[in-house]
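Engineer: Handing you a structure now.
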């Protein structure tokens, strides 16, 4: 059926900020879909609140609205644009929920807007637990016995009839939020109570636990002519019971018989046909390992995390085709873009194995609850491709960037057997490494399978890896064993470790004996047809399929998995850099390991290598491609850390040189550079042990900011107020050494701001200055940033511009750099300089209309700013006000404190833009899900040093009609200054303490600051946790509360009797 001509304008809803459970895969899907619709001649209107994505670039849609995804704003845009249709299946759960809300609200009917791709009834049938159950019964598809409940009592009654363990699944929440496994009534009571609160319809499903079954997923497509096919099936290494987003996944499935595969394939196709979905759909099933019994777990009637993985694993572009199907095209009339010759109506065949491993944030959250269950905790993921399971698994392990280069964490050797087995049974984020350690200790695959329900097939593979380790250890320098190890994915570093030699010597031995990888093409058809995709993976085998072109090439290193501190912003810069390389006439090659992102879409670059970002893997590609040089400044710390080893190996680093990167990152060299340039910085010293640190702090004077050198996202950074806290920090938080000193700086409480600058070596373009709302001490990635600055004097702005130019020229910066300043009493100090693209690049590019990463790349390749038409210095300001606000994922991470400080905690960002600061702030708060009603109660629990300032805020809250509550000390202070606040207990005062007020819905906002003694703050942590769990806006910085007040004041009216 040809495409529809009765619709011209289509609205696409994006997925908003990146949170755990909804990451960059939707930027990838949304970008593909918008371009796919434009390609067919439709006008595309996009709404998304996330500035950090490629999807919200002007070129992606005809009209791009970076506005909050809320009923209020989307309705406005619908009325203004009047689209003919809405495509809701590409914006994750956020997009789906928004579409449902618009539909229930009646606005779509009023404007005559129709749904494309998936009918509303199908979304309801897949998402609403009751309707889903009815549909499965009609199709005679087995589902675990379950009951829908609206109260805790109903849950307990049902569990009594089927027996424990049971699983709780709240309706309409994302990534399993609020759900969990319950072994007894106490756990059931706790989890159901929380789940009912988090479900927008106060509804939970209680179901029989089928933990221990194999978890299998099918990614299926269907069109309006009822053609349906399976793109890919996937098998979780972890059995049912761990959220699929937190599981290690292999594609294609490895342990099913042909009969089982056909059985589950038929089930999946019958479900997508019954739901009449036009587009992509994901079906999750549980298979009993001991019989042919299976259950349908759930169906996602939209593009999902798994479909991004399936697209990258097979090369079959699901989102692109889903968009074409949504407008009426059928699978047998769309050409498969991979082969360019076959149609999309065929099932991809794979002649390789793909492994996906999730990336967790627990390196940043040491206190976080690491036990895995039905609620997702990973922030990102890596994928690796190999010719066997061992190879793809080991390549994925070294892609994770958690300091491992094999399926082994050396520290685990010291763990006792009992502790080891407990971790093997009770899965944490690092279970793979514990299981591998158990095998090294002689536990058999059978014993471990019994304990974990992991299929023995995978455990045998781990045993095989261990056997190769032993072979290597027994035969140093043996070429045959070396070949075997390389065929199974071993890194040079692991081999060097077992041989007691260096990585470099292993590499030399390989090169001398021509043991080098070949590159194979991902072609969707197991080489059955000719293919034209430039998408490759390495393996040690025969016949290299990646042919070097005659054109000069440039290699761009991506940023690897998404984690806190290094998010999708760096992928954004990578993609823009590629566009500029191509425009300059070079071949652009990308190397990256993240399946969720736009940069690993094979149509973005001239060549894509899906490989780990390690020295060995990068050098292998360089040896083959011989590029003109490598660009490292867009891949975050991942790529920057590779600059030095690559340069030592004789590779040309394009842009700022390694020696200059070092001058910005190495403390002593940096201080020296600032002295030479006559730029002030807060007084500070380096320390290599506890005594040196104490001495430095006494000299500088408390408070001090302490942190390790060379980190991204403020890992292990703290503000300490006294020597006792400093000593405990040095003992527990960091492993200081002469190689890894700790920086001790005077902590200046001032206004913080940052600048991104682009330099060609002679001139410096400063697109804009961003002012932070939170004062210094909150990590820049967790601060709200305002552009253009609202409170900085002309003199301060000129000083900032002057220092920026001096630094860029003085540090020989070529390309991008980011500088953070703190201002106190009109004096400007430099806090830090990053000689690379930073996380503010997408935001600043969008609000200034300067494609910063593209400009930087053109300068790196030899053009000058004047040739590109840019002047030297600060770019003229925009007249509108733009705010970048952080978004957090605390609801997903139990035991992680939501208190803001110098260590970054946000997972994503939103943008609010309008004519005034207050309006822009309102949008930013709305977009980041911080919605404050216009009346209610606000609680203050404030540290002594901030009570004075909090008093002023409390008065202003009272003036606009809020009731003021406060904890004992704060209430007494307020009373002594003439403000009566209702006293409320902190913790443990039964039904009079803050958490119980929160549970009863009597509190609309909490303002909680923490004093200098962090130790005494367990109460505060419980208060903050209760706010997070009940969705009550929480402010741990008075500046953020002040910004919210400005919004409320601008929206409130004074009513007074005459």
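Every residue gets a Cβ built from N, Cα and C, even glycine.
Note that the coordinates shown come from a computational prediction; the quantities given were computed from them, not determined experimentally.
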Engineer: Per Swiss-Prot, which one of 707, 727, 880 shares the ATP 2 site with 746, 748, 752, 777, 778, 779, 780, 820, 832?
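Structural biologist: Looking at 707, 727, 880, the one Swiss-Prot places in the ATP 2 site next to 746, 748, 752, 777, 778, 779, 780, 820, 832 is 707.
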Engineer: Please tell me which one of the binding-site residues listed here (129, 215, 748, 777, 779) sits closest to residue 300 (Mg(2+) 2 binding site), measuring Cα to Cα?
Structural biologist: 129
Engineer: If you count Cβ atoms within 10 Å of the Cβ of residue 129 (ATP 1 binding site), leaving out that atom itself, what do you get?
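Structural biologist: That number is 23.
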Engineer: For the region 'Oligomerization domain' (402-546), DSSP counts of helix, strand and coil?
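Structural biologist: Grouping H, G, I as helix and E, B as strand yields 78 helix, 11 strand, 56 coil.
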Engineer: Taking Cα atoms as reference points, rank the binding-site residues 707, 777, 779, 820, 832 by distance from residue 208 (ATP 1 binding site) and give the first.
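Structural biologist: For residue 208 (ATP 1 binding site), the spatially nearest of the binding-site residues is 779.
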Engineer: Is any of the binding-site residues 215, 284, 298, 748, 779 within 10 Å of residue 832 (Mg(2+) 3 binding site) (Cα-Cα), and if so, which, in sequence order?
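Structural biologist: Of 215, 284, 298, 748, 779, within range: none.
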Engineer: Rank aside, I only need the closest one: which of the binding-site residues 129, 215, 242, 284, 298 has its C-alpha nearest to that of residue 779 (ATP 2 binding site)?
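Structural biologist: Nearest in space to residue 779 (ATP 2 binding site), counting only the binding-site residues, is 242.
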Engineer: If you average the pLDDT over the region 'Carboxyphosphate synthetic domain' (1-401), what number do you get?
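Structural biologist: Per the prediction, mean pLDDT sits at 93 for the region 'Carboxyphosphate synthetic domain' (1-401).
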Engineer: Any idea what the Cα distance is from residue 834 (Mn(2+) 4 binding site) over to residue 129 (ATP 1 binding site), rounded to a whole Å?
Structural biologist: 49
Engineer: Could you count the residues of the region 'Allosteric domain' (930-1058) that DSSP puts in helix, in strand and in coil?
Structural biologist: 63 helix, 21 strand, 45 coil
Engineer: Nearest to residue 777 (ATP 2 binding site) by Cα, among 215, 242, 284, 298 (binding-site residues)?
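Structural biologist: Spatially nearest to residue 777 (ATP 2 binding site) by Cα position is 242.
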Engineer: Counting distance between Cα atoms, which of the binding-site residues 129, 215, 242, 284 is nearest residue 820 (ATP 2 binding site)?
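Structural biologist: That would be 242, nearest by Cα distance.
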